[in-house]
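A.B. asks: Pulled these from TrEMBL:
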{"type": "COMPBIAS", "residues": "1-42", "note": "compositional bias 'Low complexity'"}
{"type": "REGION", "residues": "1-46", "note": "region 'Disordered'"}
{"type": "TRANSMEM", "residues": "64-84", "note": "transmembrane segment"}
{"type": "TRANSMEM", "residues": "117-134", "note": "transmembrane segment"}
{"type": "TRANSMEM", "residues": "146-166", "note": "transmembrane segment"}
{"type": "TRANSMEM", "residues": "172-195", "note": "transmembrane segment"}
{"type": "TRANSMEM", "residues": "202-224", "note": "transmembrane segment"}
{"type": "TRANSMEM", "residues": "244-265", "note": "transmembrane segment"}
{"type": "TRANSMEM", "residues": "292-314", "note": "transmembrane segment"}
{"type": "TRANSMEM", "residues": "334-353", "note": "transmembrane segment"}
{"type": "TRANSMEM", "residues": "360-380", "note": "transmembrane segment"}
Amino acid sequence: MTRTAPAPAHPTGAPGDPGTPGAAGAAGTPAGAAVTPGARGAEGAPVQARSRVHGSLAPRSRGVLALAALAVALLATVAASLALGSNLLPLGTVLANLIDPARDVDAIVWGSRVPRTVLGVFVGCCLGVAGAVMQGQTRNPLADPGLFGVSAGASLAVVVGVYVLGTSSVLTTLWLALIGAVVASVVVFTVAALGRGLASPVPLAIAGSAVSAFLVAATSYLVLSDESTLAAYRIWVVGSLSGRSLDGLAAALPFALVGLLLAALNTRSLNTLALGAELARGLGESLLRARLVGLGAITLLTAAAVALSGPIGFVGLTAPHIARSLVGGDHHRLLPASALVGAVVLLACDVVGRLIGGNAEVSVGVVLTVLGGAVFVSIVRRGRLAAL
């Protein structure tokens, strides 16, 4: 009779022990996978199938459902923006006027509410995506275009251009906002990177706050020093969708599309940067390239938004957190979710400003500062700030 040799001892446990790290299950169960009662370890398929369902399909389904819900919320907010205001219009009347304009309500629907609704969706999407990219780039949950001086730089450039050149055309405003956003971004990242080679999150936040404060002070000084020239820009500097036309959208759209394309191309790098700079570098990620692509996306999106509506805060700060709590941290889903949330938040606050102000409506920038700041503080105090 042939004697069977005893199995050699495994360094981390018995080969047939499915719950021991590094051990292969005796019946095909993946290494390190714990077999629960009732699992058919001898076949292996049920255990692996459940792992695939809970590890891949469930989060993906959740993200798709969240995006669908956000799309429905955006449609509802658009309907409210078209119907609500100092003159309340039935939704049926609005829809009928959109199809066949009537003289009695045409000036309200097509002359005012359609342009500001379209611009609200556009600006909200731009700021939401810009905020998500900036938070991913810096791994700073408080990062947004306003905090890091991008919005302030665009605003100062527009005001200086009007003060010096005396022009207020949409195309000129757009180019001035773009130049100001680029200069402010370069200054902030350069100051933050001094002595470190690459800007890290904490120096970025400090440099951004300092540069933003200086730019805001300079803008305020210019606005207050020449009331006759810059009176019309006081409302613009606060941030508003009122009185805007769709003429500027055609000029700003190419900038926004390029910014969205850069953000989409940067999603893989953003997911890698979420692991930390050292690990991302070890995985072969070029931090310089990722930062430059992200900076380009943030600058173009912010410049397009600021040129049309003025500097509007809070949207780029909070929209990514709301989106992250709904779809998770994968930037392939986070960026479109942030765009939808940004549009919903901006339009909703614009509607609130119309209703509480009556005939003298409150600018959306003021509403966002009051309501948005309170909501964000509440989220932080309750510990619901999504981790990056």
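Don't overthink the numbers, they just go from 1 along the chain as shown.
Here the Cβ of each residue, glycine as well, is placed from N, Cα and C on the backbone.
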A.B. asks: Between the transmembrane segment (117-134) and the transmembrane segment (172-195), are there three or more CB pairs that fall under 8 A, provided the residues in each pair are separated by 6 or more in sequence?
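C.D. replies: No; fewer than 3 Cβ pairs under 8 Å.
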A.B. asks: Tell me if the transmembrane segment (146-166) touches the transmembrane segment (360-380). I count contact as 3 or more CB pairs below 8 A, with pairs 6 or more residues apart.
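C.D. replies: Result for the transmembrane segment (360-380) with the transmembrane segment (146-166) is no.
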A.B. asks: Is the transmembrane segment (64-84) in contact with the transmembrane segment (292-314), using at least 3 Cβ pairs under 8 Å (sequence separation of 6 or more) as the test?
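C.D. replies: By the criterion, they do not touch.
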A.B. asks: Under 8 Å, at least 3 Cβ pairs, sequence separation 6 or more: does that hold for the transmembrane segment (64-84) versus the transmembrane segment (202-224)?
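C.D. replies: The answer is no, given that the two segments have fewer than 3 Cβ pairs within the 8 Å cut-off.
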